[in-house]
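Among the features that TrEMBL reports, compositional bias 'Low complexity' is placed at B:488-500. Taken from TrEMBL, the feature domain 'NADH:quinone oxidoreductase/Mrp antiporter transmembrane' applies to B:131-407. The annotation region 'Disordered' is assigned in TrEMBL to B:476-500. Per TrEMBL, the feature signal peptide maps to B:1-16. Sequence annotations record features per position, and here TrEMBL assigns transmembrane segment to B:30-51, B:82-103, B:123-155, B:167-185, B:205-223, B:244-266, B:272-293, B:305-324, B:330-352, B:372-396, B:416-439, B:506-527.
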Amino acid sequence: MHIVYPVVVSALLFSIGVYGVLARRNAILVLMSVELMLNAVNLNLVAFDVWLRDRLHGGQVLTLFVIVIAAAEIGLGLAIVLAVYRNRQSIDVDRLRDLSETGASGEAGPPEEPVGVGEDADREARP
Amino acid sequence: MSWLLLALLAVPLAGAASLTAPTFRERAVSLYGIAVSAATFVLAVVVAAVFDYGDAGRMQLQTDWSWIPGLDLRFHLGVDGISLPLVVLTALLSLLCFVHLAGHPPGGGRLRALVFTLLVLEVGMIGTFLALDLLLFFVFFEVVLIPMYFVIAIWGGRDRRAAAVKFILYTLLGSAVLLLGLLVIWTQTGTLDMVELTARHGAGIARSVQIVAFLAVGIGLAVKTPMWPLHTWLPDAHTEAPTVGSVLLAGVLLKMGSYGFARIAIPILPEGAAALAPWLGALAVVGIIYGSLACLAQRDLKRMIAYSSVGHMGFVLLGFATLTPVGMNAALFGNIAHGLITGLLFFVAGGIKERYGTADMVRLGGGMLRRLPYIGSLLTFACVASLGLPGLAGFWGEMLALLGAFRPAAGLSRPLFLVFMAVGGIGTVLTAAYFLVMLSRVTHGRARETVPVGPALASSEEVRVVLGPGEPVEPDATGTAVADVEDSGPAPSGARPPRAGRLADVTAGELAAWVPLVALTILFGVWPKALLALTGPAVQAIFGLGGGAG
Amino acid sequence: MISVVVLIVLLPFAAAVAGLLGSRWPRGGSRTKENDRAAARRAAWFAIAPITAALLLTLWLASWSARALPRGSASYPGAEFWAGLLPGSTEGTLTMVETGSVPISFTLRADGLSILIGVLVVVVALAVQVYSVGYMRDDPRHPSYSAFISLFTSAMLLVVYAGDLIVLYAGWEIMGLCSYLLIGHWWEDRANSRAAVKAFLVTRLGDVGFLFGIFTLGFAAGSFRIDDVLSADIPRGTLITATMLLLAGVAGKSAQVPLQTWLPDAMAGPTPISALIHAATMVAAGIFIVARLYPAFLGAQPTLDVLAVVAAIGMLGAALAALAQDDLKRVLAYSTISQLAYMAAGLAAGSDKAAIFHLLTHGAFKALLFLGAGAVIHHVGSNLMTHMGGLRTSVPITFAAMTVGFAALMGLPPASGFFSKDAVIAAIEHSHSPAQPFLYGAALLTVGVTGAYAMRAWLRTFFGPARVEALPEPPPGTAHVFDGREAPRSMLWPIGVLAVPALLLGFAGVTEVDWGSALVSLIVALLGAGVVYAFWRGAPHQDPARMLGPFRTACERAFYVDEAYRAVFARPVLRLARGVVRTDGQVVDGAVRGAGRLTMSLSGFVRLAQKGNAQLYVTGLLAGLLLITVAAVVLG
Amino acid sequence: MIQSIDYSAIAVPLILALTAGLVLLLDAFLPARPGGGRLLGVVALGGVAVSLAVLVAQAVRGGERRTFCVPPSLGLAESCSFVLDRFTLVFTALVLAAGVVVVLLSMAETSGGRVPVGEWYFLLLGTLTGAVLLAASRDLIMLVVSLELVSLPVFALTAMRRYDGRASEAALKLFLVSVVSTAIMLFGVSLLYGVTGSVHLDRIAAFYASGQSAAPAGVGQGVTTVAIVLVLAGFGFKVAAVPFHFWAADVYQGAPIPVAALLSVISKAAGFAGLVLILTIALASQAAVWAPVVAVIAALTMTAGNVLAMRQRHAVRLLAWSSVAQSGYILAPLAAFAGVPRDAVDASVAYLAFYAAMNLVAFGVVMLVSRTRERNDLDDYQGLAFHSPVTALSLAFSLICLAGLPPGLAGLFAKVVVFRAIVDGGLGWLAVVMAVNTVIGLYYYIAWTARLFTPLSTGTTRSGSAPVAVAVGLAVIVTLVFSVAPQVVLSAVG
């Protein structure tokens, strides 16, 4: 089988992942598409390793590491999404606009105090 | 004796550093300032005394340590015929500024911070004239920026902040381009030592590279000596700076730019200089005419003097552009003369602004010779010296520059430089015109009686109505009593409204600061040999020819 | 011997410094009445004592020079007349200034020509200083006034005794400055101040040309010393350009045609100043320079032709203008321009001897006329001749002196003017330059017109019905009014002293008089005077100038040359200046501020991308990456 | 066969990792006393200090130490994954020094009670370990793993502050952009592996030097170029170069200030280390391909950073954009690698060292001021010189250093070194762009400095905090040493 096939599949998979990251509004689905991109890389690596008949199997070793890294990232990503949900009651990526140029200097966002005091409380009220 | 130059730098630096100790009382600060600057001046005089005048062309009293081998930057100081007068001028002007400061503290208060800033400024200025290593020159060239920014920004006039920002940004752009030029020289020759590079007369650098390097260095220096198109920072900086700031800005900072031409641009890049000299000459001459015309139509006294500096430095640059020993001598002499005379002009203008509360010629009315006879006559003396009356220092700089332009260096086109000479001649007439017109508007005519605190004119619009818009209406014709006129914003620069009736004429403090300048202007006017004998041999060395009829 | 010359030049300078600094010294600035008076008295002593010493030294120098043996053949061909009269000459160099190209030597040089002019300068200066004591009695700024006169005298002597062209130029410019300071003496009235500025600027314009002429000569001869310049063989082309440029300076200083507009306005200054500076000495400096460098001018014939044409136009125009003036001082001012043109004509005709002789006599009788006019103005309180009339009885001594002056001006036989003007006319007659007929015709015509305006001024001032109405007290700072009696003794003595040379100096040249041309010019002068007398006889009240008919206003406004200059030069320069300030504000400064605004707007634009949306960031990231990859591959 | 491990070589990362473990254990088992946070801070600080000491010992003993090596096979020399040479020593020293300052800053942060102390220090030490490992790694796998080890803890640290919506939002944004960049970089690494057939940097260099390529020439070169650019992406994100700079301001503003300091110095240093390793060791012979790319990116980065910083009103956002601009200056000399290879790298690393010192001073003072005025607007700094002159002077000194003007000689010499490298390399246009950028940069630095000295009527007394004061003092002293004797850095670097 010529090397081009897996590389093209991997590239397509990568593009799908990119689309997923850009298009989806829900943070968790964005994480899933990131996973997709990382697996595309794994496919690529394994294909090259076999094609090169590399005695050190560098490609497969790197694939293992990538898998581990992906796992770690997803774990951490979910934790962050959880924190966002707890603070903002929504994980819609588009709604997270509090930190921005206009936001910061425009109406100079109010200082952050613990829950129950000042601004944060009423922001929580909003869906 | 080489520790002398080090001491010359160390004394003001130590003075500034020890000023941060909190033990100083307000009154003692200005005396302390005078003491430190006096010490520096004494050291400068000692250097002048120790200097071997027979061999003014050679670099003397050199100290040479390695400071940063990585950049092969050496802490290399030295003084020769070209830099000695400038060092003494800087030390003198700084001392006079401190003396003036003692009697007349500026509006912004915080005298201790001002003395600290001025001492750091003095270190930067003297360092620039002593440095013999390209990068060291660049470092001292930039040390001056921040202190002068704060002098203008904190103790300046009404819209000082904008002027200070424009000053520092414009000058920084200039010095950044200067750095590029210096680095091109460094990459080509491999050494940063000015003495070595001058001796090589540009060997080892290809002609095209010399042109690029001269262009970069030239632009950097041209921003500092305001050459025509790059001068717009000067009028704002001068108008807003306090008296002390203006004197040092005009007296010394402009000289650092022209000194750069004499020390770096022309000796190290001769072919580049020869290629770009016509352009330098053309821009210089345009500067002369442009500066003079701009002065003719100015209303603000300090702004007019600033534009006159553009005109005078035009002559200095014309002197450089001729690439002849007499041209270079003219430029260096013009440097010193301009420093002294414009320093005096700004001192007097500052005194006038302090007394009248304004520097606007129309609101000054006229008749200063009647109300302030001594200040009026000093202003007249300074203007006459500045328009280049023979017998006073201003004349030799301009005359020798025109003499140089009469027969420029071999490679340059003679008819072009004859045109420059003719236009320069017309420039001298225009210079005489605007100074005399200013004198007749300010010192002559009948004085306007300033009525004690009358109805304060609320906004500047009403002032316009009272004085008549646009064209400066002859004050006598309106005969209006100028009430306690203050523009809309309270001028924090402590521009006290003119007190009723008698204005105090020149005070002892002011006289002590101004008389040395008057004396030196007369001395160099009557006896130009004092300076020419000093710069002559050094200039011959630069042009690498023994005699050379120029 | 050279130390005497140095002393002569330095004494008035010392007087000036002492006068400026010393006169008010102990009491400082408090300007009370008695302080002013005491300061004035001390200033007068500071001024008069040194100038008298300088006069004695000059006379002693002249006597030494007359007795000295001629030192070999004079250094340059044209010098034999002076060598004959005052053979002794001395020269000394203080120091050589190495400029890098042509060296400048601080040299003073006294020879026949310079000593003669030196005597004239010192005599007139002393007369004016003494005269001013009375004329400016209760003027608050008498110290500075007398100090500036001393400074002027020192500058003029520096020009006269200068041995190096640059030193000469220095004296030349300082003279210009002193004339500015003294014209603007009563600066309370802005008109005087403007006249002073105009005088300085016009002369300064001429001096620029003068400086360039000096450069040309200096470079050609390799040194600025006058001896080297005259003895060096300079190619004809360079000589012509150099002398043409020098002519610019001469025209500026001696108020010749292109640059003569400043002299009539210079009458705004006090009358003694007009006498000293604008009649006898400064304006004569231009002629002196041409005489000093005469061998160079002889070598450049085209320059002399230009000088001839300029002189011809100048003398006739000025004479006609003098005929139509109502202000007595302006009549004398235009007369000075005309007489200077005479001297220039003499030089153009090839005889510097006649020109200098006329310069000396003119210096004497014109100073006399001005001082007399000062006394008359004091008596009447106004400059205008319409306010004068029938004064021969009320101011008899002034009348006698001014009659001598006018006689000399018209060139009537006993007075000195007759001999000197005749010498010039004879020189013009025998010269063989291409412009000779034109010059000779103009000269004769001018003799007639001179006779006319001299007679008119004389008649309208001293004859005709006396006007008695009292004049209002002039505001402080204008001409000074006396209580009707004749001028005080301190003013009459100088007038008397000057009347002697005005009358007798002519006889020094009586040996070479060309009686034929003298007779012709005498007849023409008397003809002119007769015509004016006839018109005046008809209607003593009216102004004889009406005979000019339609040209009267043109003549009075000096053919509108002044207005033309203002329209062509002054106003456009001011408009250009305002234009420059505007462009500086908008274009040059605009570019700088524009760059700042551009960066700010760029910053605004780039900030748009920072909306806070994470996915927008990732999109930007990927787009940028794609762009870079494509560029790298394509261009790579 | 078991690979022999030279423990003395990997001593520094080992100590850091063990300390991290120790901190976690202590946090778990020690009773929750109020002073507990301070103890863990001290332990962390001790760990970093010990590793610094070991590093100095290694530097003094000198010589190169290599471990995790692959035995030489079929004509290729032995290539090792972990190498401790001069380059690694400099970077490790820089990272650990910055680490000390960040730990000191963290002590003030953790005392606030809103942050779990044990986890904070554990993650912090994790990041330091990752950064140190990255500087020493010489093969792609180790490079990728250590890069992840640097990035992941920072996401967690950013989100660490409880109930802070902004912190979690910043963390999410940082996470998203970082993960995408990592994915892109991995894709590039895979392509690179595919083309060259090996993972070790020196072997990749050997492959390109020998000039043969597995696939047909045209495709191979194209793929290599794409691979290089994609790999650049990963490091571009860490360094916040132009296309990857959008996240900088938001994350710096949202995150706690010690984390912002961490991001701006330590993770940026790691990014540059990776970039330099890959570009100058693996792809040295491909310089013709990536040099122009780096030049364009550098120019765009410095301009975007400066321009964005001009209109900032918020202190930390301004420092964020300023650090983006500074990374543009650090990237610039790398573009001149083709002309002067040795000078380019030395200039870049030297500027990084200067930048680290200057920047930490600024962040320290911002940390001090933010303890009283939470909003952290520039106006809060008005008249600071009158209440606490020392703090104001040190902030002014650091800002003027960043601008590159004489009282701040460190910044000036840093810029001169970079300018020299660029001019030597013949990139005239880049030098001019950088000159203009220094002017734009000066605009906002001098605006902030001027605010410090303009008097303000109402002054609030501030509550100082010891560790932060020590941190600022340490950083100021280092910057002063660099100002007076920049030779220290220049000789160490090169």
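Backbone N, Cα and C atoms are what each Cβ position is placed from, and that goes for glycine too.
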**Study point:** Spatial neighbours of the transmembrane segment (B:506-527) far in sequence, C-beta under 8 Å, 6+ residues away
**Key:** 92, 96-97, 99-100, 102-104, 333, 336-337, 340-341, 343-344, 347-348, 351, 372, 374-375, 378, 381, 385, 389-396
Point to revise | Considering the transmembrane segment (B:330-352), which listed stretch of B:30-51, B:123-155, B:305-324, B:372-396, B:416-439 counts the most C-beta pairs under 8 Å | key: B:372-396
Revision key, fill the gap. For the transmembrane segment (B:244-266), the distant same-chain contacts (Cβ-Cβ under 8 Å, at least six residues beyond its ends) come to 82-83, 86, 89-90, 93-94, 96-97, 100-101, 106, 114, 118, 121, 125, 128-129, 134, 137, 141, 144, 148, 151-152, 155-156, 178, 182, 194, 214, 217-218, 220-226, 237-238, 272-273, 302, 305-306, 309, 313, 316-317, 320, 323, 328, 331-332, 335, 338-340, 342-343, 345-347, 349-350, 542
Check your understanding: Same chain, outside the transmembrane segment (B:30-51) by at least 6, Cβ under 8 Å from its Cβ: which residues?
Key -> 1, 4-5, 7-8, 11-12, 15, 19, 24, 60-61, 79, 84, 87-88, 90-92, 94-95, 97-99, 101-102, 105, 111, 115, 118-119, 122, 126
Study note, to complete from the structure: One stretch in B:82-103, B:123-155, B:305-324 has more Cβ pairs under 8 Å to the transmembrane segment (B:416-439) than the rest, namely B:305-324
**Study point:** Other parts of the chain folded back onto the transmembrane segment (B:305-324), taken as Cβ under 8 Å at six or more residues beyond its ends
**Key:** 222, 225-228, 231, 234-235, 237-239, 246, 250, 254, 257-258, 261-262, 265-266, 273-274, 277-278, 280-281, 283-288, 290-292, 294-295, 298, 330-331, 334-335, 338, 342, 345-346, 349, 386, 394, 397-398, 400-402, 404-405, 407-409, 411-412, 417, 420, 424, 427, 430-431, 434-435, 543, 550
